[in-house]
Amino acid sequence: SGSCTTKTCWTTLPKFRELGYILKDKYNEAVQVEPVRASRNKRPTFLKIKKPLSYRKPMDTDLVYIEKSPNYCEEDPVTGSVGTQGRMCNKTAQQSNGCDLMCCGRGYNTHQYSRVWQCNCKF
């Protein structure tokens, strides 16, 4: 007559919002690099930091990038982005259609609209 104790361990991911904050911080700290070839016909053998402000080799968990991301706030015929200028936005929304986010900090004009329609109401 003995007793048996079982322990089970597992790894879980952090909450999705926490993960988003971590990725956003890593994105903001990302460093631009350029591939360097040892010879003309070989694949790149290492990445060089493009604008070294202070020398710190990126760690395996850091984000690096080769090309800058396009600015979707401005019109860019090369990428096909029409920009956000002149688009309607929702002043009170916190999502992607909200004015603060969509207008990229440029400010926005507000307009008040009135709409009249037939409601077929009976009193």
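Cβ atoms here come from the backbone N, Cα and C positions, even for glycine.
Positions annotated as disulfide bond by Swiss-Prot: Cys89-Cys104. Secondary structure at Cys104 (disulfide bond), taken from DSSP and collapsed to helix, strand or coil, is coil. Around the Cβ of Cys104 (disulfide bond), a 10 Å sphere holds 14 further Cβ atoms from the protein chains shown.
The Cβ neighbour count for Asn90 (N-linked glycosylation site), using a 10 Å radius over every protein chain in view, is 12. Annotation source Swiss-Prot lists N-linked glycosylation site at Asn90, citing sequence analysis.
As annotated by Swiss-Prot, O-palmitoleoyl serine applies to Ser1.
Under the heading region 'Disordered linker', Swiss-Prot lists 33-61, citing similarity to another entry as support.
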Euclidean distance between Cα atoms of Asn90 (N-linked glycosylation site) and Cys104 (disulfide bond), Å: 14
